[in-house]
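Before any comments, here is the structure.
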Amino acid sequence: MACLLEAPLRISVLSEVTATSRHYVDRLFDPDPQKVLQGVIDMKNAVIGNNKQKANLIVLGAVPRLLYLLQQSSSSLELRTECSVVLGSLAMGTENNIKSLVDCHIIPALLQGLLCPDLIFIEACLRCLRTVFISPVTPVQLLYTDSTVIPHLMSLLSRSQRTQEYITQIFSHCCKTPEHQTVLFNHGAIQNIAPLLISPSYKVRMQALKCFSVLAYENTQVSMTLVNVLVDGELLSQVFVRMMQRDQPIEMQLTAAKCLTYMCRAGAIRTDDSCVVLKTLPCLVRMCSKEHLLEERVEGAETLAYLMEPDVELQRIASTTDHLVAMLADYFKYPSSVSAITDIKRLDHDLKHAHELRQAAFKLYASLGSNDEDIRKKITETENMMDRIVSGLSESSIKVRLAAVRCLHSLSRSVQQLRTSFHDHAVWKPLMKLLQNAPDEVLVMASSTLCNLLLEFSPSKEPILESGVIELLCSLTQSDSPALRVNGIWALMNMAFQADQKVKGEIVRCLGTEQLFRLLSDPDTNVLMKTLGLLRNLLSTRPHIDQIMSSHGKQIMQAVTLILEAEHSIEVKEQTLCILANIADGNTAKELIMTNDDMLQKIKYYMGHSNVKLQLAATFCISNLIWNEEDGSQERQDKLREMGFVDILHKLTQASDPNLSDRAKTAMQQYLA
């Protein structure tokens, strides 16, 4: 019987809730304006903190009616203001609520409301807009569709502290792209927002600071302008330094450090400037310590990683500040059993977000170890570090996997680490697994690391080769992403260096001549350079040169001709002439050059080129063709003499570049011997 009673009970409760909610909506349509106002006020009190009630009212169609009342010039200012307050309260509910509000065109209605002269109504509209825009589901582009909106918001900044707080918060949440930065910059964001940094209101100062951090991020124009801005006679950078002092709230210290970090990375502040070395860097290191909240430690570590990424001196300073390398090891033990967190809610939150700490630690280790051998050694010697990286490569979070492989890539630049810890922990195994079906971002970093593991002196090279890596790398060379094509061909180039004939043959077979020549006409210069490097490594040692040229000589000579005739950089042409010099070193392969008068004329042209590198490579080619101790050298010498090569060599013995004159003299001796 109980089962029978349960269903009607549920229905009656639901209909009761819907009935009370409908009563609120019905009152919005009352012909008496006073009753409508009272109805809106009662609705406001009913929805505060009640998500169920908010959802009911939205379903019952309260939003279109509230927006209608808000926009009616016949509505009293008090009614219009109360409508915007209720809408703001509905927006503080779930993401679905926000979607419903946006679908009902709340944003244009509120923006229209900002044209009203009444300050209280303006503030209510702005507060509601702020709530809508800070939601991740709101399309920020809606702020930029009407070109009059941004200048109007700028003009409202001076109206009150509330307008300053809400507008700067809207700007910082809606500035997501370089285009957005430019729009705000062009409408005077810097001049209008800078004075707010010394506002008596903490909320205003904080939102203005956040606004500058998003404006300056990877933006040279903004950063260069910020450097020269004065706030009450003081340089902006000094205002930021003051905001980083220990007596300021953590949120302010962190955001000010971000502003200076972004200005430094954009080239507006030197990396050796005292505000970076003595203030920003120590502040960010401080944020990594365990007494800070998880979010602060994550943000501190990630900002610090970004600050010092390109600068070895900052990496060295950071690595010796406050035992940072050891401090980061704590990021992997979080929350510890003796955690100071007594708040159960906080502990639950931190357990769910602990992976963000690991991601931040990997990023910071990657940045710290990207250039200096001693720092890399310090990192790998940190307790269980290699084990942590290896397990990070197979974590469920894609961001952690990416950060772990970035850290591995940074450490793989060390010959010492490749020979020791990388070998001891067989890191190539999880790395190969990661390469099977990862997103492009992870693939790029993992394949870059693989390039280093395939260097000649790496003990991992052999086991990687045996694991069938060649097919994987050949497939990368067919990717749409230039970075992946470069890494695929680069790894093959490293693999072919001083390899045996079997490995070289496998590379050529798997890659296929068609793909090889497609790569030789790749629009990306890096791909072309690495493909030439691969070809050069394949065509080394005489038996290998002769064997490859006997099966693919025609196509290779064709590709060399095309590159030498096309518009390419000096580096590309030099690499191509070096390949030609390798071919000239083959026993039978050299005939492919000797029987090709067009190619010989090209070599002659490059011997007389204005660039010494090209002259050297071309002379090296001729030197290999006329070498005395080889069969048929006399005939080759005679033919090249007839073509005028001896005269050019004679002239080059007088060259101002010592390497070139020596190379020409060595070649001339072949004629005299």
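Any Cβ shown, glycine's included, is placed from N, Cα and C.
Quick look at what TrEMBL annotates:
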REPEAT    61-97  repeat 'ARM'
REPEAT    511-553  repeat 'ARM'
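Averaged over the repeat 'ARM' (511-553), the predicted model reaches a pLDDT of 92. With helix defined as DSSP H, G or I and strand as E or B, the repeat 'ARM' (511-553) counts 34 helix, 0 strand, 9 coil.
The residues of the repeat 'ARM' (61-97), classed with DSSP into helix (H, G, I), strand (E, B) and coil, number 28 helix, 0 strand, 9 coil.
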